[in-house]
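Student: Can you read through this structure? Questions will come right after.
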2 protein chains.
Amino acid sequence: MTKKYVYSFREGNAQMRNLLGGKGANLAEMVKIGLPVPMGFTITTEACLNYYEEGEKISEDILSQIFQALDDLEKEMGKKLGDNEDPLLVSVRSGAVISMPGMMDTILNLGLNDESVKGLAAKTGNERFAYDSYRRFIQMFGDVVMEVEHDKFESIINEVKQKKGITQDTEMDADGWKEVIELYKEKIKDETGRKFPQDPKEQLLMAVEAVFKSWNNQRAKVYRRINKIPDDLGTAVNVQTMVFGNKGDDSGTGVAFTRNPSTGEKEVYGEFLMNAQGEDVVAGIRTPQSIKQLKDIMPDVYEQFINVCKLLEKHYRDMQDIEFTIENGKLFMLQTRSGKRTAQAAVKIAVDMVKEGLINKDEAILRVPAGQVETLLHRRIDPNADVKPIAKGLPASPGAASGHVVFDPDEAEAMGNEGQRVILVRTETTPDDIHGIVAAQGVLTSRGGMTSHAAVVARGMGKPCVSGCEAVKIDYEKGEFTVGQLVVKKGDVISIDGSTGEVMIGEVPMIDPELSDEFNKILSWADEIRKLKVRANADTPHDAKVALEFGAEGIGLCRTEHMFMAQDRLPIVQQMIMAETKEEREEALAKLLPIQQEDFEGIFEVMEGLPVTVRLLDPPLHEFLPNPEELIVEIMELKAKGCSKELQAKQEMLKKVRALREMNPMLGLRGCRLGLLYPEIYVMQVKAILKAACNLTKKGIKVIPEIEIPLVNHELELKTLREIVEKTAEEVFEEEGTKVHYFIGTMIELPRACLTAEEIANFADFFSFGTNDLTQTTFGFSRDDAEGKILPHYVEQKILSDSPFIVLDRKGVGSLMKMATDKGRSVKPDLLIGICGEHGGEPSSVEFCHMIGLDFVSCSPFRVPIARLAAAQAKINHK
Amino acid sequence: MTKKYVYSFREGNAQMRNLLGGKGANLAEMVKIGLPVPMGFTITTEACLNYYEEGEKISEDILSQIFQALDDLEKEMGKKLGDNEDPLLVSVRSGAVISMPGMMDTILNLGLNDESVKGLAAKTGNERFAYDSYRRFIQMFGDVVMEVEHDKFESIINEVKQKKGITQDTEMDADGWKEVIELYKEKIKDETGRKFPQDPKEQLLMAVEAVFKSWNNQRAKVYRRINKIPDDLGTAVNVQTMVFGNKGDDSGTGVAFTRNPSTGEKEVYGEFLMNAQGEDVVAGIRTPQSIKQLKDIMPDVYEQFINVCKLLEKHYRDMQDIEFTIENGKLFMLQTRSGKRTAQAAVKIAVDMVKEGLINKDEAILRVPAGQVETLLHRRIDPNADVKPIAKGLPASPGAASGHVVFDPDEAEAMGNEGQRVILVRTETTPDDIHGIVAAQGVLTSRGGMTSHAAVVARGMGKPCVSGCEAVKIDYEKGEFTVGQLVVKKGDVISIDGSTGEVMIGEVPMIDPELSDEFNKILSWADEIRKLKVRANADTPHDAKVALEFGAEGIGLCRTEHMFMAQDRLPIVQQMIMAETKEEREEALAKLLPIQQEDFEGIFEVMEGLPVTVRLLDPPLHEFLPNPEELIVEIMELKAKGCSKELQAKQEMLKKVRALREMNPMLGLRGCRLGLLYPEIYVMQVKAILKAACNLTKKGIKVIPEIEIPLVNHELELKTLREIVEKTAEEVFEEEGTKVHYFIGTMIELPRACLTAEEIANFADFFSFGTNDLTQTTFGFSRDDAEGKILPHYVEQKILSDSPFIVLDRKGVGSLMKMATDKGRSVKPDLLIGICGEHGGEPSSVEFCHMIGLDFVSCSPFRVPIARLAAAQAKINHK
């Protein structure tokens, strides 16, 4: 038996996604459950891979299977492809395993030629329709298969329209289209040296090959890179009997979601265009009508459609994204798939479906992509602010953003890379604009609906989008848009609110989000299930409060250096650093002590009864001093002016800055190395922590201080500092006349600490992975340096799938973490182990932490909900 | 049975070193083989440890064992300790497991008191001797046991001498010493509030306790730190019947080596002083006579002594370091141990002893400490240079050095730490001066012999030393020394030649050493045995030649960046870096190509038939541009002058420097990251390498190029660059019309590369560990930054035993290397693996490389012999 490369829609089902692609598998599934689907067949992804293996050639075996399937289809439909009297017409569409909407090519109306078009005209009694269909086919085929530029066809239409004195395509009559068709064919001949093929089977094979090829076009490659889709999956090809939404006023086409993909409301949500083909809706060229209006236009079809939606949801147990066509009052289903949705919708749909008994809590938790939840936690416009919208479009992707107006996606990318915040403003967007959307804070389009390209892409990226804002008139050439009399120029700042569709001039006040009831419900389910504790990184009482509100179960990292940076402390800190002797240094430290103590009291009070990990001073001291180049300029200016006193002070500062300067400060005098060379600094900090704890304890407030030593490499570093901390603690307890139970632990953030964790554990009550530093040293990547040029290049070239500073590198950094965890627990089975790098709030990294058995993750307060959810998902996925 | 804490010399042997200390074990061994040894007993190291465990208290059990041993000794000698008529006198000496010469305390003549001194006087008929002995005892006991400053005693002697109108100790008569003794006892009473003890048993116990305590005195601690001796060994105490070298002109004392410890010549070599105690020789206060002169003075004793030396060498199968005393014409052996020796002597003695049939080749190889061999490879004064010595002392430690004259050891240390080269000039040195010797390039003393403190310490450290240079008159106060009319001030530069004893003004021309025949013999034996290949790191044809001469079997690291730094290339390299486009960059690279090609041709030609690993460009590009701070100053000056054209060029340079500047260049855009972002640079280099190889191949010269990609983290980095190298190679071979067999491999120098070595190995023909970078990232230590402040502090505090940049850290870095080796070989069993960091020439690191199964080590040319030897030692020690 040779391999089966072609499946009829009657042969497949939803489980065969890897072979048939998402679209093909779901078409087969819909056939299976009895829905009205135009019949057809699917050429498998394996055929596509075979095509590339054979050096871009469709093998004989596959060819014969395609013709056999065509033969079967023709028999079933009682028509022949391209027949002169009653032609069978088909669409040829790509269908990848993982949906890549709009990324690959589609050909409609295939089978038409100079003869069969007459048959179609006769059979439908609609000559204009037939020739319009034919010219659409030639245009698509010419563009996609024969690679003649799209614009060349558009200008032919414009020529003919001009000649005829008309402006709209709809005004064109059959003769007009016939003229266009002749010009199209000539143009193709001129451009390619080949005639437009009249043989329908030749058309079919050329189209199939074009779809195979489209797997590797530039757009598709970019999309896969952005969406982390492997390059070696291939695409299936669906060959399906054509139905026509453009057969007149009893025809139409549309797309719909079984629930609102933006809010999650339980209502069929979608849009359609009467007398149009599907591409017209998706491309956003005409602004479509709401699905609800279909009820008035074709009540029976509407009712049937609503029932299909219910059936599909029940069958798939998930919200569906549907494409349909109405041909002469008859409903056909062209596609169904799990609908993309905003985080807000994902949450509401998951909670609702549990209530409806469709899914259980575990499934509900898995239905909310933890990474996407971040969008729920983004800022929105302050409802109390006096906001004056200048225009209102469709609320296409929730959230709010401000930025400089940019019209060109390349420019948006360039400015974004420079760190500027931009809003991309376009008439409509196409897949070619993706890089601009990636770089922008948000997108504003003047045309297109909720399912237009801009809307879909922005939702996928969690960026605000206002679409179809028709009041906005864009003039690309002048580099401006107008709303009535108002002119907004490139570079001006605007704000958009993707939740309301409003557009404002300038920046507007925004506020932090609260969590919805549904989200709290999902999170409470997650809390019941997860094993990992979730703490927050917080340096101030305010941050600690926010963290508590988001459900943090402690503070996993309180960085004391931020306290040093504050305006009122920096001069004292500088005095401490400039000190020439230990005595001078201790004098400055004595001034800092009460201030630090107050900091800690504030945080401990908020976190009453919960653990608070305080990391002792970590950064290199020169971070607290001025930049040497600026000092040099000041000194040279002072010299010119002759200010000798100030000059001397600056020169001394420069001397110190230079003495402290390091070639690679990340690998220099910082962390516990500071504590070992200048123990008095750590002594002051320990005093401040424990005096604060004693004070609150006296007031009856329970404090659980965890003192953390950073950047430990060797057990003896920790042993030495542990002795200093313990000695200081004894002194404080003596002085305060009370005792507090406290812990001493260490950051594990250097490879050597991981490799010798069984030794370090002897002196540690807890470990906390500092995965930022651990990633830096494991990879030899300075984050500050690598994120600018190197990592973007690496991700683009697919050397790395993600920046390891965003998604934890399991093979390298992760294997060190596992080693450290196992080694640490080999000597202390109950050793408390957590993570406090930024990875602690990133879902894949949280999953890994669960897998290797950590006790907690700690992340920024706003990411605490993400971590809670991700931790539960990890537990469910690794049961 | 209680533990045995005290052993008679009749009970021990040389194998009991750990318990009895080196001195005690060897005294027992000498008794065993029938040599004349004053009888005594040893209190074990375990007793010392017990003393510390008990909170610095000698336990009852140990006390009673000591008294029992004393009782036995008294019976054997037929005398009683401190007897009034014929007192038994003893010495009490420390004796550590690992020799720490001069570091701990010794007490002689113990047992004398106001009564027994009379007995001694009567018995010896030498009242002066008796009272001199007594005052010496009080002085030592007062100093060491009762902690009265040495100077206080010296000034009493001076007082009495002044009163008596004499200048030399030898002129003092018995009454004088009696007066001194009374004053000593008063001084002790005054200073300590305690009387000098008259009870001999009390004296003994106090002395034993003082020796125990001396294990932890400051000098001993520093010595152990420098010599990596563990702190928890403890010292034994030897109590031995006194014999007197100061009993008159038929008495004397001396030290000797059975062969020359400086050259290795087979001749008894040593010094003695007539009518003196041992301390007088070692302290270098009087300049002693050569051992050969003893032949004339006491021919019988001399002959007996020579026979003892022969017997000891035969018995121990090694060169011995002996202490002896002649009492009234009778020879006594006080100590024997394996003699310290220069590397040159170690080599010659080892080779000679193989010839003599005393030891085998393996033993010979182990007898030459690989680390010490470096001194043989140090520079010496050019024999053809016109050198005018100003003075000549003893050639106390071979090698030559130049440096600024410094008199104070603290100052020497301070200047040494600042990177200055200094020569420490002292009348004589004491253990308190060690830090100064450590910091100096060499030592010059005006007093003391070949076995003086300065000489012994300098030889141990492999530093040049000229001792006993009496022409040098030092005036510490004026900060100068004079030689005749010549005045040399502090800070002036001098040179010394420790092989000849000559002292010169200013710097003198020096040359690199050649290898002696004996050394070549040892190395040839090492080559027969070792498994590790030894290559050299060499960047020029000259270096390659030197490497070949030293026995390198290939080049393990040829750094191309040094070629970029040369005067004639730097402007082109800067042009390449300043290029705004790929085209501009390629233009500059095209100019570099022929230059690089010439570089490689030169090296390949020298290394004909041997592998040459060429590393592609590694350092960050800004290393080739000027310093930004200097640029700013230049710019501000140009602005002031109004030179607009030059100003613009400098401003542009500054812009580029700033654009390229990185926070942590060690972790930034360097290594293969450069090759991935700017492939044209690597393409140029690969072309240069392979064109050079093709050219030589055409001339019939065999070339084995190994192209090495630095700083690889991830298999895909290597895969991508391997493809580029292979494509470039094909182009070169096409163009040149010939092919060369070449290899592509990678540096393994990042933790992630080690952790994923089984993936990286798929694209590598060889691995080479870059342990400098691997140490930097594993520890998170920037070498540039850590070696200044952090590592010295860590070594001082014993957090680390060595800088990990000097001695490979086996636990951290080493475990990553082992992992990488095992993982790499798991996919490619024959994978060639080496090391090319500086560790490749450090003996302990070489041993580790042998243990984990590497194929080669590569080090600087001068270290190649060390590596050859260390590799053989590793093989022998791990058979």
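Quick reminder: no glycine exception, Cβ is built from N, Cα and C everywhere.
TrEMBL: automatically predicted annotations, no manual curation.
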Student: Same substrate site as B:ARG615, B:GLU749, B:GLY770, B:THR771, B:ASN772, B:ASP773 according to TrEMBL: which of B:ARG535, B:ARG559, B:ARG670, B:ARG673?
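Tutor: When TrEMBL describes the substrate site, the candidate it includes is B:ARG559.
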Student: If you average the pLDDT over the domain 'Pyruvate phosphate dikinase AMP/ATP-binding' (B:57-294), what number do you get?
Tutor: 90
Student: So if the criterion is CB under 8 Å to a CB of chain A, which of the recorded positions B:HIS453, B:THR771, B:ASN772, B:CYS836 qualify?
Tutor: none
Student: Run through the domain 'Pyruvate phosphate dikinase AMP/ATP-binding' (B:303-356) and tell me, per DSSP, how many residues are helix, strand and coil.
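Tutor: Grouping H, G, I as helix and E, B as strand yields 27 helix, 17 strand, 10 coil.
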Student: Counting only CB pairs under 8 A, let me know which of B:57-294, B:303-356, B:420-501 has the most with the domain 'PEP-utilising enzyme C-terminal' (B:516-875).
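Tutor: Looking at each of B:57-294, B:303-356, B:420-501 in turn, the most contacts to the domain 'PEP-utilising enzyme C-terminal' (B:516-875) are made by B:303-356.
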Student: When DSSP states are folded down to helix, strand and coil, where does B:ASP773 (substrate binding site) land?
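Tutor: The residue in question, B:ASP773 (substrate binding site), is helix (DSSP, three-state).
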Student: What is the separation, in Å, between the Cα atoms of B:GLU749 (substrate binding site) and B:CYS836 (active site, proton donor)?
Tutor: 10
Student: Please state whether DSSP places B:GLU749 (substrate binding site) in a helix, a strand or coil.
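Tutor: Its secondary structure by DSSP: coil.
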Student: Work out how many Å separate B:CYS836 (active site, proton donor) and B:HIS453 (active site, tele-phosphohistidine intermediate) at their Cα atoms, rounded off.
Tutor: 38
Student: Of these binding-site residues, B:THR771, B:ASN772, which scores lowest on Cβ atoms within 10 Å?
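Tutor: Candidates: the binding-site residues B:THR771, B:ASN772. Fewest Cβ atoms within 10 Å: B:ASN772.
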Student: Can you grab the distance from B:ASN772 (substrate binding site) over to B:HIS453 (active site, tele-phosphohistidine intermediate)? Cα atoms, rounded to a whole Å.
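Tutor: Cα-Cα, rounded: 36 Å.
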Student: How would DSSP class B:CYS836 (active site, proton donor) in three states?
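Tutor: In the DSSP reduction, B:CYS836 (active site, proton donor) maps to coil.
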Student: Judged by the number of other CB atoms within 10 angstroms, which among B:HIS453, B:ARG559, B:ARG615 is the least packed of the recorded positions?
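Tutor: Across B:HIS453, B:ARG559, B:ARG615, these recorded positions, the one with fewest Cβ atoms within 10 Å is B:ARG559.
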Student: For the domain 'PEP-utilising enzyme mobile' (B:420-501), what does DSSP give as the number of helix, strand and coil residues?
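Tutor: Per-class counts: 18 helix, 28 strand, 36 coil.
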Student: For B:HIS453 (active site, tele-phosphohistidine intermediate) and B:GLY770 (substrate binding site), what Cα-Cα distance in Å is obtained after rounding to a whole number?
Tutor: 40
Student: DSSP on B:ARG615 (substrate binding site), three-state: which is it?
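Tutor: B:ARG615 (substrate binding site) sits in a strand per DSSP.
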